[in-house]
Amino acid sequence: MSNIPTAPGNVGFPQAYGQQQQPYQHVQQFTQAQPQPFANAPNPFPFPSATTSNGPVKVAPPQVPNGGTGYANQFPARAPPVAAPSAFPAPTSFAQQPPSFSPAPPPAMNGQQMPPGAPRPFNASPAPFPSAPTPAPAQPPIPSALAAARPAPFPAPTSSYQPQPAPRPPVPTGYPQQQPPPPQQQPPVYGQPQQYGQPPQQMQQMSQQFGQMNMAGAPGAPPQQPSGFRNDIVDLIAQRDVQQLGFEDIEIQIPQQVANPQAVVDPNIFRSTLAQVPQSEELLKKSRLPFAITLHPFRDVKNLNIIQTSNIVRCRYCRTYINPYVYLPDHRHWKCNLCNRNNDLPDDFCWDPQTKAFGDPRNRPEIQNSTVEFIASSDYMLRPPQPAVYVFILDISAHAIQSGYLHTFSEQLIINLDQMPGDDRSQVCFIAVDQCLHFFSFTNAKRYPSEMIVDDIDDAFLPSVTSLLVPLKNFKDIIRSFIKQLPEFYSQIGPTSGGNCLGSALKLAKTLIQEIGGRVSIFQASLPNLGLGALKSREESSEGGQNLGPATDFYKALSLECTGQQICLDLFMFNTQYADLATLSEVAKFSTGCVYHFPNYNYRNDIHQVKRFEKVFTRYLTRKLGFEAVLRIRTSRGLALTGFYGNFFVRSPDLLALANVNPDCALAAQVTIEEKLPAYVCFQSALLYTSSKGDRRIRVHTMCIPTTGDLLQLYNNFDLKATVSYLAKIGVERSMTGSALADSREALVNAVLDSVGSYQKAVSRGSGMLVPRSGHLRLFPSYVLAMLKHPAFSSSRGIRLDDRTGAMLMLRFSPLDQILADIYPRLYRLNELATMPEDQSPSPLPLSFEHISRDGVYMMITGTMAFVYISASADPNFLVNVFGTAIYNDIDEYSLLERDNETSRRVFSFFKQVTQFRFYLGPIITIKEHSPLRDTFVRRLIDDRTDSTHSYVEFLQHLKREISGN
Amino acid sequence: MTFTFAAFCYLLALIAVGFCIFFAIYTVICVDELRTDYKNPIEQCRNLNQLILPEYILHGTFTLLFIFSWQLISILANLPLAVYHVYTYMNRPVMSGPGIYDPTTILNRSTLSSTLRISWIKLAFYLISFFYYLYAMIYTLVTSN
């Protein structure tokens, strides 16, 4: 990994350009559409050599208002280099409030920004908005300073490079993009008035903001009151409708001095619990907010920019990849945003494929996008890229045959066999497990495989070396018919189906593919009780322990060995009886595996589970896959990642080893502040992996977050979505490594107590549950309550150990949206869909039965299930349209079909819309008010009290008592 | 001047603590390597875990010898560490081999720094006790007759 880009000499460009012809790819191919074979890959590069995966070069996306020279007007406030934080206005100036902006700022907005796509109709009066926070193009033009700060068009004389360019905008203080806090929260020291911006620009900025904001414009929210002093603070106990104020993502304000302030990383990929980072550790401690990041490194991305270049530009010192948040003083240099050191920019980086000339490096996709993917050269390979290898280990013991999962397995595998990622080199192997090991030897593409049974499971060996793992391409037909007959073949309980020797099978599977690496999918329905790693049932432990940790380290040791050999182990669990998921899941935990739990799976009785398995398994087989991956997360100086939570192996303090990487696993990492921070900080994750097509790629995500010295800003920029994901993962980790479940529960309650309590202290108001109206803190108590009621953390004794473990494991590796939906399901009233305008959709309701009316039809989306709940006196018109009958009694679970009418279509398109990225959601379950399933639905209404748990209001009272008690 | 049992204990403890010092230095180096270099934590933990039981046994042995020879100061100094050793070993992560270090958790910043701190403290403790045992052995030899 040492391709340090050597800077080309300061020679004439045409010559220099000519000299740089690289053996297999040149950056010139940004524009030229001739496919170039990738040197080390066995396949030709699958993309037509352009920079983007979908079609033509996407170097200057149209949404960027100006490429080329016009940017000068766009980024006038580009500031001096980042390395000189002292040259910047002091942090205090962030809080300066331009008086010309806000005669009467609506405090409800609190300077918050919401994403542009937010569904809130903006209808407030054009009251002036307090801040000028958007990275909007409308900035005060500062022509003279700009001319000096901007280099001349390429080729620029190197003398124009000024590491510390003195000319700065005549604005004396403050970057206009920083958010001034609402006036009442403003410490007096920040209050110097400041003049900038002329009225027309104000208007422009405002309209920008209005386009982006949505804060208090939520349907249920009171209109903005310009003069209310306390309106930005709500008392949770007094105001019950905090849910209605919206739960939109906080927009991160990226400082203007970076190379491309328009680039924002998808918050679903990369996210911090604090959208403004405290400048010092003391401030963070004072706020008592958790500080962590969540990362979904391999999430499916539309319009991913794939860059094939001879020369991946990286920082010479810290190996950071060039990204939109570097500082570009001129066309020849760049300053790394992580280590603040200067680097040379290679000449070919300025090649603009659109104009076919050397131009502005800002037009490069690396600068334009915060998420890019590089095709890596052979420098990034330790060995030739591996082929896709799939091993299936199937449980065929008595329990497994009873559950009948093999039927769905075989059906879906046949359908998806061609869609599995991989090229012509893909290989497969099947191993069946009961009391013995069953191998299937494919010797001839025409002959049905012979079954080889190994019964010496303690000292098992591979019965054949060559015929077990076979190329999928050559044997496709026979594999297909083999899979087809598999459920038939093992439909009877045979003489050997009494036990399960999974451990031995895993050991042999590892031996079989350890030279290559790959993916082992384990299908289990019973407790492995024989051979290596045999387990005993310990559901009812005599010591009263919780048994969430492993019983033996066999599976963990195996998993670590597999990670070293680039083998990933995924676990599908179909058990009816206890199967010690806590121990078995160790195979997945450290090898980047996933665990999917289908409790009480039965192919005859439980159609929902079967459908869910179908869906999950299809997604599992067809999703993208990256092999032999490593993930490195770099941070700005002064920050450190101190703990990682998720399924992977921590190889060194900032490097995670991932045997396989799939688009459905995510991680969280705790962050600590070690030094005083500059005006903004960055995180960069670089995932180096082998794609299923056999080339080596690097996917780079970079996140930039401003810092703040203002305590109250921290609370406004508290991001609950990332926090919930982080708290869930850390709670699971602790519970599974020995801490008592009660400790995790207490830690969750303490997290909300600390943050709300210290906010109370910060605003020094009376008692109550005071939280900022904007931002996410007001929803923290309800999410913590929901977590306490989630099966993973619930104190209820009714939850079976395996179900609890399964819920925990799901939280452990799942991405943010999955976790959020599972913890706090979304409840929608569908009736409105019939009358609403086309572009609107129902907003989520609080999860309380008081919002379930007798005439409504509701949809609830959890992490794994979707329900439609029909009240007894629901509107017959709606029922006819959606369920095909007006009579409530006639509706059964098969009634919900997409029908040929407007309402039905809208219901289904709405369902698709809200479940867009939920690949692990079961089918829609129809529940009537009187059906026995009603309980499943009502149980998820978590704001209500049950026999053993608090209601939301009780929980708030409890928190209030605790806070005032301290 | 006779070679008493106490003097014999100190002599043995001197040798044993010499080994312990070596173990402690090795642990400090290994943990520091983990933090700064790209050493494989699996191998590093395997190396470290091999030394855990020998160290505990050595330390336990000479603590016992001190009890038998009733060297009060040495007993008081060593008992807390012996108790700590027993406690750590009882609460170690689930693993089949000997040892207390788990490669999957050792790279957590808090685990790493506490491991490092503990091994520094132990190193200091063993060094001090080394010189004390030397002194005490000579003292016992000189004063006994």
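Indices start at 1 and increase along the chain as displayed.
Glycine is no exception: its Cβ is also placed from the backbone N, Cα and C atoms.
What TrEMBL records for this protein:
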REGION    A:1-208  region 'Disordered'
COMPBIAS  A:11-53  compositional bias 'Low complexity'
COMPBIAS  A:84-99  compositional bias 'Low complexity'
COMPBIAS  A:127-143  compositional bias 'Pro residues'
COMPBIAS  A:164-186  compositional bias 'Pro residues'
COMPBIAS  A:187-208  compositional bias 'Low complexity'
DOMAIN    A:312-348  domain 'Zinc finger Sec23/Sec24-type'
DOMAIN    A:385-621  domain 'Sec23/Sec24 trunk'
DOMAIN    A:626-708  domain 'Sec23/Sec24 beta-sandwich'
DOMAIN    A:719-820  domain 'Sec23/Sec24 helical'
Seminar exercise, completed: The mean pLDDT across the domain 'Sec23/Sec24 helical' (A:719-820) is 88
For this session: Mind tallying the domain 'Zinc finger Sec23/Sec24-type' (A:312-348) by DSSP state, helix then strand then coil?
Result: 2 helix, 9 strand, 26 coil
Seminar exercise, completed: For the domain 'Sec23/Sec24 beta-sandwich' (A:626-708), the DSSP residue counts stand at 0 helix, 60 strand, 23 coil
Exercise. How does the domain 'Sec23/Sec24 helical' (A:719-820) divide up by DSSP, counting helix, then strand, then coil residues?
Worked result: 71 helix, 3 strand, 28 coil
